[in-house]
Amino acid sequence: MIFVQQFEEVRLILEKAKKITVLTGAGASTESGIPDFRSANGLYADANVEMYLSRGYYNRSPKEFWKHYKEIFQINTFHQYKPNRGHRFLAELEEQGKDITILTQNIDGLHQLGDSKHVIDLHGTLQTAHCPKCKTGYDLQYMIDHEVPRCQKCNFILNPDVVLYGDTLPQYQNAIKRLYETDVLIVMGTSLKVQPVASFPQIAKREVGATTILVNEELTGQEYNFDYVFQNKIGEFVEGLSSIK
């Protein structure tokens, strides 16, 4: 009964909210089959991965960088992944006229493929790369088709649009600005272990006074920063919310 009541309350909150902000992490994409790179058995468990994905390594050895980049993110098979029920749910909220912005730590681009229009890619995206000289952009298929992708105009080795270790977060200020405007913050599928994103729930609740909602299979240690906590997969949460009439 309490669980049903929580769903009812959250549904009403979303109906009344003027501005909804959603923070998503790996759990938003694992239901599409994408591995959680930060899990115990994930690719980030390799001690060398941070070095291979660093700005310094790209600058020193761009050809070797691209070899490891493609292996780590398995980009040759990335087309197989499709948006799941959670991605579609957020796009549907937007289609209903809600002012919704997604702040995602994911680099897979599935929110955009799922038709969400207002997405801030905090850690960049695997879907594109660009020429460091002329800034011409290239898509995922171009990266797949070329062992070491180069600009067709300048012949420079492309720069991936993923935020590398050693980079700043170019979208951080835009994310903070949105947090201070929001009525509701929904955190979905993230363990909230990586700063500065881990501070977002506290900012939303303590400084902004927004209603905060957590949807994550495992506890994060930040439950005190949330008004509602759903220890579920995102798909389960969406189905529970959809069942409330």
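Just so you know, glycine gets a Cβ as well, placed from its N, Cα and C.
Given the structure is predicted, the values throughout are model-derived calculations rather than measurements.
Swiss-Prot annotations:
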DOMAIN    1-245  domain 'Deacetylase sirtuin-type'
BINDING   A26, T30, F37, R38, Q105, I107, D108, H123, T190, S191, N216, I234  NAD(+) binding site
BINDING   F37, I107, D108  nicotinamide binding site
ACT_SITE  H123  active site, proton acceptor
BINDING   C131, C134, C151, C154  Zn(2+) binding site
Return the member of H123, C131, C151, C154 nearest to T190 (NAD(+) binding site) in space, with distance defined Cα to Cα and candidates limited to these recorded positions.
H123
Rounded to a whole angstrom, what is the C-alpha distance between the residue listed as 'active site, proton acceptor' and A26 (NAD(+) binding site)?
12
Are there residues of the same chain, six or more positions away from C151 (Zn(2+) binding site), whose CB falls under 8 angstroms from its CB, and which are they?
C131, K133, C134, T136, Y138, I157, L158
Fewest neighbouring Cβ atoms within 10 Å: which of the binding-site residues I107, C154?
C154
Per DSSP, to which secondary structure element type does C154 (Zn(2+) binding site) belong, with helix, strand and coil as the options?
coil
Other than C131, C134, C151, C154, which residues of the same chain sit close to Zn(2+)? List them in sequence order, counting a residue when its Cβ is within 8 Å of the Cβ centroid of the site.
H130, P132, K133, K135, T136, Q152, K153, N155, F156, L158
Which whole-number value in Å describes the distance between the Cα atoms of D108 (NAD(+) binding site) and C154 (Zn(2+) binding site)?
27
Confidence summary (mean pLDDT) of the domain 'Deacetylase sirtuin-type' (1-245):
92
Among the binding-site residues A26, C131, C134, whose Cβ has the fewest other Cβ atoms within 10 Å?
C134
DSSP-derived structure type at T190 (NAD(+) binding site), helix or strand or else coil:
coil
